Every structure is written in C-alpha cells, then in structure tokens.
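Positions annotated as transmembrane segment by TrEMBL: 21-47, 76-96, 176-193, 200-217, 237-257, 305-327, 334-354, 360-378.
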Amino acid sequence: MDGKCFIKKKKTNFRKRIEHFNFLRAEISITISSSLVFFTSSLFLVITPSNSSLSSPRYPRSLISVSSQRLFEMQWYIVALLLTVLTSSQGILTTLSQSNGRYDYDYATVPFLAEVFKLFVSSLFLWKESQKSPPPKMTTDWRTVRLYPIPSIIYLIHNNVQFATLTYVDTSTYQIMGNLKIVTTGILFRLFLRRKLSNLQWMAIVLLAVGTTTSQVKGCGEASCESLLSAPIQGYMLGILSACLSALAGIYTEFLMKKNNDSLYWQNVQLYTFGAIFNMARLVADDFRGGFEKGPWWQRLLNGYSVTTWMVVINLGSTGLLVSWLMKYADNIVKVYSTSMAMLLTTILSVYLFNFKPTLQLFLGIIVCMMSLHMYFAPPQMLVDLPPPVVKSQDLESLIEVPSDRRTDS
C-alpha cells in the first residue's frame, strides 16, 4: 500500500510539473507574440502619415489614384487585424499576470500607465511630425480643446455603471448583455454621425450581436442559463445604459477625430492628457476611500509589477493607439467588428492555453459572426444575384454612332 501511494503521489507531482511547464510556455509565447505585435503596430503608426492625403479636403477622392486607394485599404486591413490580435491578447495576458488566482499589483494603476504610455508615444510621433515641412495642423482654440475631456467623462460614468450593474446580475449575464453595445453603436452611428447603413448592413450588425451572444451562452443544463432571465429589472436597465454609454463614447470620439483635419497625434495628445488626468483622479479617490491604508498611490504605483504586467500595460496602450487610428480613418463599426472577433479569438486560444472546453454554442457563434462579417463588408453584387444591366436600343445606337467629322474624312 505504501508503495502504491508513493507511486500515485509521484505521478501527481509529475503532472503538476507538466502543467506548470505548459503554463510557463504559454506565458512566454504570449509575451513574445505580443511584443512582436506591439513593435509591428508601432512601426505601422510611424510610417503612416497622420495628415493622410486620403482624408484631406485638399485632395478630392476623384484625384486619388487607384494604387493609393488600394494602399489605404491595405493599411486599414492591417490595423483592424492588429486590433483584433491585441484585444484578444489583453484578456489572456491579464489572466497570466495573476499569481495564485489574484493580482499582486494594483489593477487600477494599469489604465493610468496605459494612458501615460499612449501620451508619450503620441507626443513622440507629434514631435517627429513637426520636424517635417509643412508642419502638422494643430487647432489650439479653447472651444475645440474643451471637447476632448468629454470621452473621458463618459468612460468614467460608464465604469461606475458597470460596477452598479454587477450588483444586480452575475458575470455571465453581464457579459452577454454587453453585446447590446454592438446594436447601440449602429443606432448612434446613424443618429449622430448621419451615416446611412444599408438593410444588409443592419442585418449584419444584428447577426454579429446574435453570434457573439450565442458563443457566450452556456448549456441550458447549467445554473448560469437559469440566471440569465432571472435578474431584477434594475440590472437589465443598467445593462442597457452601460451599452449606450460605451457606444456613445466611441461615437463621440469618432466625431472629434473627424471634426477637422488636425494631426492624428495632436488629437491623441489631447485625448490622452485628459485620460491620464481622470485616471489619476480615480487613484486619488481610491486612496481617500481606503483611508490611505496602503499609502498614497504614487508610492505603490509599480508594486508587484512583472514582465507580464508590463505587457498588459503596453498591450492596452497599443490597442488605444490603433483604435484612434480607426476612429480617424475608418469608423466605429470597424472597431466593433475587430473587438467582437477578438472575443472569439480569445475563446479559441483559451482552449489551448487554459484547457477550456469548446461548446456547440461557440462553433455556432463563430459561424454566425463570419457570415455577419461577410455580409457587412462584401460588395452587394457578391451577396445578391443582380440581373445584368439592360441596354436600351437608343443607348446602343449612341454608343456605336460614328462622329460626323470622322464620317466626312472617310
């Protein structure tokens, strides 16, 4: 009996070592891949002109060559792909930064350091851009600058509404209700930015919300399925308000970025300056609420930080830089699709990294989201069998009619 117990104990220790080795391997691989993605995105931001000729009113689109349009579309696809990868890496890196299921660092310091990182990178690019001729356009009028704190205020209210919502609903229900921001983004996109969407695009947006929700719903034999529709009415109302605030912040940011032809990096400097100020105010407020038991926030700012934690900060900051690029040169719908695809990619990677068991709902959600992606961005002629254009006889005669001067010469 003692020998069997010894062998069983030895096998258990060996399995734990293997699991620890796999965890370290996953952590190293994710860290290296995120580093490569970060440097790739930074290089792309450096080579991309912030005052792009493709968005400047000085150059009408009729004068833009086909090659320039294709180059711009390629940049658009690269940024959207990078945003998807970075967004999916954020949740995985945050999980890997835990130690024994808890954070050794103050998680509230991560958004603050990410804002400082974005401010530093944008200031560096703005300085580099200002060395060129002509200098970048920078509007310093107070009536324009005073608009930039508004997104930070909206996000601050949104965070408080998030915490209030979680007091009425569980985490899985809140995650599913969060998909409402996909539809609310489309609605606000139409109402505030006056951007018209086709019927197929509206159907694609609804399908995207359905697909992401389907991938997150657990089996109906589990307890979480019963809690989905058993939350109090206050929880659903706060969930809808949270979705509307999240969409409003994105729509208003796009409005600011496209309001004038200012340099992208100058606009980023203004956004991230106020973002850093508001995040610092949150840290100060946390100190007052806690009675300064752990000391002031600047003394514990980097306590417990590891390489993975710094990768969380850099990954979050790089994601913000890519989102601002999309807000300037694309739109909110592209960002919504990138973040939604990132959720699915995170789930797929979790199967390999954290022994997550895939479900039928996950596969169905992925299929629906892929159909939605194709419906929204594909040309209409690829989705609907349109009849060939009918050429009238008089139009045909006008096309083949020979000019009078040529007939005389002949």
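Just so it is clear, glycine is given a Cβ too, placed from its N, Cα and C backbone atoms.
Note that TrEMBL annotation is computational and uncurated.
Here the transmembrane segment (334-354) has long-range neighbours at 26, 30, 76, 80-81, 83-88, 91-92, 95, 181-182, 185, 205, 208, 211-212, 215-216, 250, 323, 326-327, 362, 365-366, 369, 373, 376, meaning same-chain residues at least 6 beyond its ends whose C-beta is under 8 angstroms from one of its own. Same-chain neighbours of the transmembrane segment (200-217): 172, 175-176, 179-180, 182-183, 186, 225, 228, 333, 336-337, 340, 343-344, 347, 361-362, 364-369, 371-373, 375-376, 380, 383, counting only residues six or more beyond its ends whose CB sits under 8 Å from a CB of the stretch.
Put simply, of 76-96, 176-193, 237-257, the stretch with the most CB pairs closer than 8 A to the transmembrane segment (305-327) is 76-96. When Cβ-Cβ distances below 8 Å are used as the criterion, the transmembrane segment (237-257) is approached by residues 147-148, 150-151, 154-155, 157-158, 161-162, 164-165, 168-169, 174, 177-178, 180-181, 183-185, 187-189, 192-193, 264, 267, 271, 324, 327-328, 331-332, 335 of the same chain, each at least six residues removed from its ends.
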